[in-house]
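Trainee: Please find one structure pasted underneath; my questions will follow.
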Amino acid sequence: MPNWELKSCCKHDQVMFLATIGVYTVVILALWRTILLTPFKLITVFLHEASHAIACILTCGKVEGIQVHANEGGATQTRGGIYWLILPAGYLGSSFWGMALILASTNLLTARIAAGCFGVALLVVLFLAKNWTLRGLCIGFIIFLAVVWVLQELTKVRILRYVILFIGVMNSLFSVYDIYDDLISRRVHSSDAEKFAEVCPCPCTGVGWGVIWGLISFIFLCGAVYLGLVILS
């Protein structure tokens, strides 16, 4: 039975899980505005745009192109589908994938599956990319994941789980920050939340939806840590 109440917490694996997340959080915040984190921020933008694309396909629409820009912006061109489901899928989707990657890192098998799925997703988007920033990002991370995988399987440098966890933590933190920066503090009028407020019959402004989506994203992050501890218990 899963240890939902986390009795006898925390064992060695759970302590290491929490400590690694804590160290990653400190490192990410310390290097937040440096070029070292730019590729990982762009991966969060990639997952944001990919989530729009997935929502479009699942609601019977067509994806005409995806772009990720060097300034950490992005765009997904879609036709058809259910617009009010496609719009929130970006921010909430990237938060969900951050949670999924954090949970995948708790086991080597699931980390391998996550890395494989991530690589396939990058390969698919490579053929949908409409600009060279996104193409370069896809090619770069495919090579990066391949190198990490080879090191994991053929050497004693077994870092696959830690790389997947880092990408998950980075994605979760950047998703929450991105929602705050785009939708709450600066209120970008062309943002997904502003567009969603226009099409949704609920009496809520773009900032209101930004707050709601931000809370959901933070819950995803907290849920990932809690479920990770349960899995490792």
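The backbone N, Cα and C atoms fix where each Cβ goes, glycine too.
Curation plays no part in TrEMBL annotations; they are all automatic predictions.
Dumping what TrEMBL says about this protein:
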type	residues	note
TRANSMEM	15-35	transmembrane segment
TRANSMEM	82-102	transmembrane segment
TRANSMEM	109-128	transmembrane segment
TRANSMEM	134-152	transmembrane segment
TRANSMEM	159-180	transmembrane segment
TRANSMEM	211-232	transmembrane segment
Trainee: Compare 82-102, 159-180, 211-232 by their Cβ pairs under 8 Å to the transmembrane segment (134-152) and return the stretch that comes out on top.
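Mentor: Looking only at 82-102, 159-180, 211-232, the most contacts with the transmembrane segment (134-152) come from 159-180.
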Trainee: Do any residues of this chain, six or more beyond the ends of the transmembrane segment (15-35), have a C-beta under 8 angstroms from a C-beta of it, and if so which?
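Mentor: Hits for the transmembrane segment (15-35): 102, 106, 162, 165-166, 169-170, 173, 225, 228-229, 232.
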